[in-house]
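Colleague: If you look up TrEMBL, you'll see VAL93, VAL228 marked as FAD binding site. Annotation comment: TrEMBL describes 264-278 as domain 'Glucose-methanol-choline oxidoreductase N-terminal'.
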Amino acid sequence: MTTNHLPESDVAKYDYIVVGGGTAGCVVASRLAEYLPRKNILLIEAGPSDLTDERVLDLRRWLSLLGGELDYDYGTTEQPNGNSHIRHSRAKVLGGCSSHNTLISFRPLQYDLDIWQSLGAKGWTFPLFMRLLDRLRTTVQPVHARHRNQLCKDWVQSCSDALNIPIISDFNRHIKETGSLDEGVGFLSISYNPDNGYRSSASVAYIHPILRGDEPRPNLTVLTNAWVSRVNVAGDSVAGVNLTLQDGTRRTLAAKAETILCAGAIDTSRLLLHSGIGPAAQLSGLGIPVVRDIPGVGENLQDHPESIIMWELNKPVPPNQTTMDSDASIFLRREPPNAGAIPSAANPYGLSDGGVTDLMMHCYQIPFTLNTLRLGYPDVKDGHAFCMTPNIPRPRSRGRLYLTSADPNVKPALDFRYFTDPGGYDAATLVYGMRAAREVAQQSPFKDWIKREVAPGPEVQSDEDLSNYARRAAHTVYHPVGTTRMGDVARDGMAVVDERLRLRGLRGVRIADAGVFPTIPTINPMLTVLGVGERCAEMILEETEALEAQKAQPKL
Ligand SMILES: Cc1cc2nc3c(=O)[nH]c(=O)nc-3n(C[C@H](O)[C@H](O)[C@H](O)COP(=O)(O)OP(=O)(O)OC[C@H]3O[C@@H](n4cnc5c(N)ncnc54)[C@H](O)[C@@H]3O)c2cc1C
């Protein structure tokens, strides 16, 4: 079982302290407990356990979690070129965002990982990720036949016919076999159990078997409802952390071996900054004593923004035959081959991109009216709406996360700087997507479902008008990454962790979460985050074994 208590007598008991029981944190803690049975592992999660929480376990209820009690619910700063009203959901529960999200599961592309390596993430290759992802414990599979309704099947067919692209039966098999994804449409792969519609989240797959006692791991303690408020540095090492338990008791914990930060792309930076680890000028400006000047903390913030085109249907969406209302997606290539081979924030060394997809759209069989209502568009009755959401797989805008107060209760500012890239690439991608979506809507059998286009509406036609609408209605696919990015710390002053995930200039600490991504991958990031967690645990095992082998050497 999980616990909300940590007795004072246990503050120095743990070899490894994992901060954040989210997507990567569950993997790291579970694997360390498995790989190192003689070491004590503590997993600290700010939220409650999800073990018996139906709201969380039932994937189809994902939308009702957003903005609720299990959501940190971060805002964005003013976005002059985009939508300033975007809320960023981040889950406060065991399993983290994998307990909150839609569990769409994509392997990263070779091209994404080539870019990572060009930025100093040595060794994080496509073959490595394929090996790591082959051993995931989550059950990733294409949407089951019973969850493929006629509307979605018709949409897939019309995408293929209208845009002359292949139907792909298993995106992940295609990526594994070819290394890439150019153009295509098909049902998604989801990490779920099609028999009961439950999540196969990081917690369900990696921690629940331990909590249920099916896999005894007496060396793992899962501490829930505990907030880590500080990373403590002694000399050139991280010594451990301060935390507050649910009942308000504070503890200072010492890690005998390592502290691994897995609090996510927003909260790991937030924690470091409040610990005095980050850009010196920002910290001293707020009166936070500087412990380590690491200029890259909070910088390089990236996301997948998406816009929306919404139709009203003339007949109802077939009921209950869906995984979570977004069962399929389409990938297109907007630019000519190799047009992306110019240096940009998404690809600083101008690697050739061939024909790899540069536009993705999910489909939603629900009225996603959050932003369209605000812009004055009419509501659509639930069960009578269909949306396509053009998104930018490799956006070129870059933002930053920073503190505005030394008070740890004040949330950090998230300035995504959406649609600020100098060439206007990001905005142009959305316009192209809106036009492609309209072509699909002209094609039977999908066409036969449609009553009318509700947003932006048929009168919005010019590139300028489409761009204005698309940016003002833009939303997030909830994929913030990059704020503690991996790189060559010796040559790149903005890299925060090295290729072994070790924090710049400090011993005894690593970061393993979406923050370490040098660039956002083309696809939805959760599997890549799980892969980072798997690799982090392997690296710790490798180093522990090397150390033990060294100790066992006879002294000459
Ligand atoms: C609504 C939504 C839908 C999404 N849909 C998809 C999708 O379909 N497919 C996909 O690939 N990706 C999706 N994503 C993105 C994906 O889920 C995330 O990129 C990924 O899960 C992030 O994992 P992480 O380990 O970096 O962080 P998280 O999973 O967020 O884990 C961080 C954990 O740390 C804990 N924590 C934070 N601060 C502290 C602290 N100070 N003390 C103690 N604990 C702390 C948090 O409570 C949390 O449990 C979605 C995200 C959201 C929110």
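Just so it is clear, glycine is given a Cβ too, placed from its N, Cα and C backbone atoms.
Heads up, TrEMBL stuff is auto-annotated, nobody curated it.
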Colleague: What is the one among the binding-site residues VAL93, VAL228 whose Cβ has the most other Cβ atoms less than or equal to 10 Å away?
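Modeller: That would be VAL93, with the highest Cβ count within 10 Å.
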Colleague: If you average per-residue pLDDT over the domain 'Glucose-methanol-choline oxidoreductase N-terminal' (264-278), what number do you get?
Modeller: 98
Colleague: Cβ under 8 Å, sequence separation of at least 6 from the ends of the domain 'Glucose-methanol-choline oxidoreductase N-terminal' (264-278): give me the contacting residues as numbers and ranges.
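Modeller: Same-chain contacts beyond the flanks: 19-20, 22-23, 72, 74, 88, 90, 96-97, 228-233, 288-295, 297-298, 301, 401-403, 406, 408, 411-412, 414, 480-484, 503, 506, 511, 513-515, 517.
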Colleague: So, in DSSP terms, is VAL228 (FAD binding site) helix, strand, or coil?
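Modeller: Looking at the DSSP assignment, VAL228 (FAD binding site) belongs to a strand.
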Colleague: What are the helix, strand and coil residue counts for the domain 'Glucose-methanol-choline oxidoreductase N-terminal' (264-278) according to DSSP?
Modeller: 11 helix, 2 strand, 2 coil
